Amino acid sequence: MDVKAEDFFFGGLKTGNTTNKLGSSVNLVNVDKIAGLNTLGISLARIDFAPFGLNPPHTHPRATEILTVIEGELYVGFVTSNLNGGGNKLFTKLLKKGDVFVFPQGLIHFQFNKGHTNAVAIAGLSSQNPGAITIANAVFGSKLPISDDVLAKAFQVDKKTVDWLQAQFWMDNNN
C-alpha cells in the first residue's frame, strides 16, 4: 500500500560529467537509487568519457555487464581468469556507436576512449547491486594499506615504487 511510482523512477541519466583526472564518470542506477529494483536482479549505468578518458580496470563481483556505445568509440576488453596451462587471455574490441560487448561476471575489464571527442555508453548489469572493485584503488589505495613487502614481492618491484604508488590519490569515478 505504501509503494508509489517514484519507487520505480530515476531521472538522473540525462547528462554526465567527465571532469575528473580519469576523464570518465559512471552514474550507476541500482537499488539504492530505484527502490523498485529490489530483488529484480538488474541495474543500469551511464558512462561518460572525455577524449582519452578511461574507466579503469575493475570487476563486478556480483554481475555480468553488457555495454553499448551510444556516442563515440571505445576500446574495451577483459582478462580471463587463470587458464589451463597457466596465464590469462585478453579479449579486446574497438566499439563504435551501436556496438555491444559483454564482460562476464567477476572478470577484470576496462573501457577507454581512444578518440578526440566525447563518448557515452550505457551498461546493463545482472544484479540490483553489482558492486565495483577498481583494481588499482583496491591494491594501492586501501585503508589500511597492504604491506610494502607483500606488494613489492607480488608485483616484483622495489618498495620505493610501491610507496610511490600508494602515495597517489586513488579516485573513484563512480557517482
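Note that Cβ sites are derived from N, Cα and C of the backbone, with glycine treated the same way.
What TrEMBL says about this one:
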DOMAIN    10-163  domain 'Cupin type-1'
BINDING   Asn55, His60, Glu65  oxalate binding site
BINDING   His58, His60, Glu65, His109  Mn(2+) binding site
Legend entry - Inter-residue C-alpha distance, His109 (Mn(2+) binding site) and Asn55 (oxalate binding site) (nearest angstrom): 9
Legend entry - Spatial separation of His58 (Mn(2+) binding site) from Glu65 (oxalate binding site) - C-alpha basis, Å: 12
Inset, instruction - Ten-angstrom check, please: count other Cβ atoms within 10 Å of the Cβ of His58 (Mn(2+) binding site), all chains counted. - result: 23
Inset, instruction - Mind looking up the mean pLDDT for the domain 'Cupin type-1' (10-163) in the predicted model? - result: 95
Inset, instruction - Compute the mean position of the Cβ atoms of His58, His60, Glu65, His109, which form the recorded Mn(2+) site, and then list in sequence order the other residues of that chain whose Cβ is within 8 Å of it. - result: Thr59, Ala63, Phe78, Phe103, Leu107, Ile108, Pro130, Ala132
Inset, instruction - Provide the number of Cβ atoms within 10 Å of the Cβ of His60 (oxalate binding site), excluding the reference atom itself. - result: 23
Legend entry - Protein Cβ atoms within 10 Å of Glu65 (oxalate binding site), excluding its own: 25
Inset, instruction - Just jot down the residues in the same chain as Asn55 (oxalate binding site), at least 6 apart in sequence, with C-beta under 8 A of its C-beta; none if empty. - result: Leu22, Ser24, Val26, Ile47, Phe49, Phe110, Gln111, Phe112, Asn173
Legend entry - Packing count at His109 (Mn(2+) binding site) (other Cβ atoms within 10 Å of its Cβ): 22
Legend entry - Cβ-centroid neighbours of oxalate site Asn55, His60, Glu65, 8 Å, sequence order: Ala45, His58, Thr59, Ala63, Leu67, Phe103, His109, Gln111, Ala123, Leu125, Pro130, Ala132
